[in-house]
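Here's the structure we're looking at; comments come further down.
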Amino acid sequence: MRAAIHIATTRLSSCLRPILLLDLVSCSPRQFSTPRRLICSAATKASDGGGGGGRSGSIVAPPVIEENFQKIDVNPPKGTRDFAPEDMRLRSWLFNHFKEVSRLFGYEEVDFPVLETEALFIRKAGEEIRDQLYCFEDRGNRRVALRPELTPSLARLVIQKGKSVSLPLKWFAVGQCWRYERMTRGRRREHYQWNMDIIGVPQVTAEAELISSIVTFFKRVGITASDVGFKVSSRKVLQELLTKYGVPEKLFGRVCVIIDKIEKLPIDEIKKELGFTGISEDAIEQLLQVLSVKSLDDLEDILGGAGEAIADLKQLFSLAEKFGYSEWIQFDASVVRGLAYYTGIVFEGFDRKGKLRAICGGGRYDRLLSTYGGDDIPACGFGFGDAVIVELLKEKGLLPEVRQEVENIVCALDKDLQGAASTVATALRDKGQTVDLVLESKPLKWVFKRAARVNARRLVLVGKTEWEDGSVSVKVLSTGEQFQVKLSDLE
Ligand code: HAM
């Protein structure tokens, strides 16, 4: 603190000095705002004109004032999580399943920055996601945002790669997303999303395989078709109706976003919002009627059999049979999804008890790239959050207890043998074995307790007599078997 006060005061007029010092000394940590501002502006002025050698236009960080203490809230910000080791083990277990399933299907992993330009997420359709954006101006006056989803970043990367990549691309990512959401069960302000996307395949075979990968994941973690299902529809259903009523194509995204709110808003509100887009009352009535359709046959009666919507959906259900997940999916015209960019098949994973929000969701977005100035490439994918699935697994008693595990505990029996224990630890680690090396002189009782806590497989003890012979004592903890072995033979 003294240093900060000194720098600031030497650059302030002498009459200010005593007041500033007095304020800083007498202030409690929470009352620092006035002197802080004084110091900050003084420092800024000094570098602005004072020949401090700063680049012109550079930003001057406020000086750090070391306070004696500042009592902090030890909880993370509302809606965010810490991952203590036990939480992290569970998270790794879940992410490993995401990653292994993606690799099983031949996808390559990608990642993007959590911080993106705000413009990437600004779409005109009035989506909820826009109001939930964590956005701000950075120190270079650029508007930036914490990503609320991964799809726009993926689209950006595909455009950037251009013709240097050969299609189709099959990419997956697991990344943190930020949305300023109202907190409910399974919805938070920060979550991780597993995404799988296929770029460059216009056929429904792509959507069919994506759903198959999610089913594979569910099966691996013990979830069955009687626990969860997928509601499937196609935005082309709405598109065909809107075309029939002469609604311009540019309104499509906006209409879908309004319709997606149907379960959250009173129906009159939905009708009013749809009315604002200029859609006729007749069209609105027909749209709302179609949304209640739950069978493909009924839909065919309304739309006629010739349209793309029916053809796509029929092909998807036929492929579901071939992939072997028919019992998991059902047609439901009310699934529209809240993101404006979907253009074809859309789907949502739901829990059959109806207690939780959507487990995952995705669909086809063939025209997203052109909204960023790129050439359109057919694309589809899904996002699968880490929060709802954990709730579901917990409820079903399927959440594993993932224990800390280490293969060896290495311990010196004598203070002078700490160096020798380090040599033993390195030899084992070089052979790929995990080692928890005891770094202090501890009684054996303590070492055994620790071994039990970290679920060590064996104890490697470095004692004086054995070590003189280049050997160590090994105790296999599960069997109690004990033996001496030369370090070079220790496997
Ligand atoms: P989304 O439906 O907005 O789609 O999110 C996908 C999934 O992310 C949700 O089903 C849910 O599991 C999880 N999720 C979303 N928001 C939250 C939250 N606040 N808290 C916890 N979990 C959440 C998308 O984001 C699309 N970009 C998915 C996609 C990828 N479509 C094509 N490719």
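Glycine is no exception: its Cβ is also placed from the backbone N, Cα and C atoms.
Cross-referencing Arg139, Arg179, Arg182, Arg352 with the L-histidine binding residues that TrEMBL gives (Glu149, Leu150, Thr151, Gln193, Asp197, Arg337, Tyr341, Tyr342) picks out Arg179.
In this structure, Glu149, Thr151 are the binding-site residues from Glu149, Thr151, Tyr342 whose C-beta falls under 6 Å of some atom of ligand 1. Summed and averaged per residue, pLDDT over the domain 'Aminoacyl-transfer RNA synthetases class-II family profile' (79-400) gives 95.
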